[in-house]
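Here Swiss-Prot flags 161, 196, 200, 207 as Cu cation A1 binding site. Annotation comment: Swiss-Prot describes 196, 198, 200, 204 as Cu cation A2 binding site. Positions annotated as Mg(2+) binding site by Swiss-Prot, on the basis of similarity to another entry: 198. Residues annotated as topological domain 'Mitochondrial intermembrane' in Swiss-Prot: 1-14, 88-227. Taken from Swiss-Prot, the feature topological domain 'Mitochondrial matrix' covers 46-59. The transmembrane segment annotation in Swiss-Prot covers 15-45, 60-87.
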């Protein structure tokens, strides 16, 4: 989960998020290299007294600064396209959960368990217990198994929302009249937090998402819900 004054990404809890972290480091390395070379060239330009004002054509240099950026863009685009394909890939899910966005709470439907439906509201400060997180904890958590592919069906009943859990690398828009889907496989148990990431009105910041991921064997004994 996130920490105060955190600069980096949250700890990855799914294969997709691990790929995103690797791609982030890959792109950041290229950006740092470009910035270093540009600053070094500026430093040499400002400090040296050697100038040549008679050069009007330099085919070799023009070729280099045309081909080199193209190569850099390819080095960034190829892994990005691979991750984009992986995020859109829908594997055979073991469980399907439907999430419906409202102003300003979420409704969840466990379609594989007798159509269990419940709402998830943010806990007001007066109801927080020791250890609860302000503006992030909810009255009803979504309980899911780890090491099992889960499909989330996401939509909205009023305005645009976005169902987002950073640790899992998930961000899917909830659009009225449209049903979007995404899949994920959590790699370790724990409690993971997210929020609506689409400005949806006055209480947009009061739409947290809490996933409680438990071992598959425990989940198979019977879904444990915090209702």
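Any Cβ shown, glycine's included, is placed from N, Cα and C.
Keep in mind that what you see is a predicted model, and the values were worked out from it rather than measured.
For residue 161 (Cu cation A1 binding site), the number of other Cβ atoms no farther than 10 Å from its own Cβ, over all displayed protein chains, is 30. When the binding-site residues 196, 200, 207 are scored by other C-beta atoms within 10 Å, 207 scores highest. Sequence-distant neighbours of residue 198 (Cu cation A2 binding site) (same chain, 6+ apart, CB under 8 A from its CB) are 160, 161, 162, 173, 174, 204. Shown for the topological domain 'Mitochondrial intermembrane' (88-227): DSSP residue counts in helix, strand and coil, namely 15 helix, 62 strand, 63 coil. In the structure as shown, the Cβ atom of residue 204 (Cu cation A2 binding site) sits within 10 Å of 17 other Cβ atoms. Cβ proximity to the Cu cation A2 site centre (mean Cβ of 196, 198, 200, 204, cutoff 8 Å) flags the following additional same-chain residues: 101, 104, 159, 160, 161, 162, 197, 199, 201, 207.
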